[in-house]
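Engineer: Pasting the feature list from TrEMBL:
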BINDING   CYS9, CYS12, CYS28, CYS32  Zn(2+) binding site
REGION    42-64  region 'Disordered'
COMPBIAS  54-64  compositional bias 'Acidic residues'
Amino acid sequence: MSKPTIVPCPQCKQEVVWSKDSPFRPFCSKQCQMIDFGEWADEENSIPGAPDMSDSDGWSENDY
Ligand SMILES: [Zn+2]
């Protein structure tokens, strides 16, 4: 009875049928879903690398 809902894939703009046959909706495929996921995951990974300022106390110069 009801028409299938078609949504454009946010990544590649391909038409995706909004149904249980499209497990990655609104994305057309897992690939497009992962691309989107990777974009925001990128920000999570950009943790400012605090340089480890551990001084070299454990070694001394061996003066021959
Ligand atoms: Zn897509």
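Including glycine, each Cβ sits where the backbone N, Cα and C put it.
Annotations in TrEMBL come from automatic prediction, not curation.
Please situate the listed features within the shown structure.
Structural biologist: Counting every protein chain shown, 19 other Cβ atoms lie within 10 Å of the Cβ of CYS9 (Zn(2+) binding site).
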Engineer: Other than CYS9, CYS12, CYS28, CYS32 themselves, what residues in this chain have Cβ atoms within 8 Å of the centroid of the Zn(2+) site's Cβ atoms?
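Structural biologist: Near the Zn(2+) site, beyond CYS9, CYS12, CYS28, CYS32, sit PRO10, GLN11, LYS13, GLN14, VAL16, PHE27, SER29, GLN31.
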Engineer: Which entry in the list of binding-site residues, CYS12, CYS28, CYS32, has its Cβ near the fewest other Cβ atoms, using 10 Å as the limit?
Structural biologist: CYS12
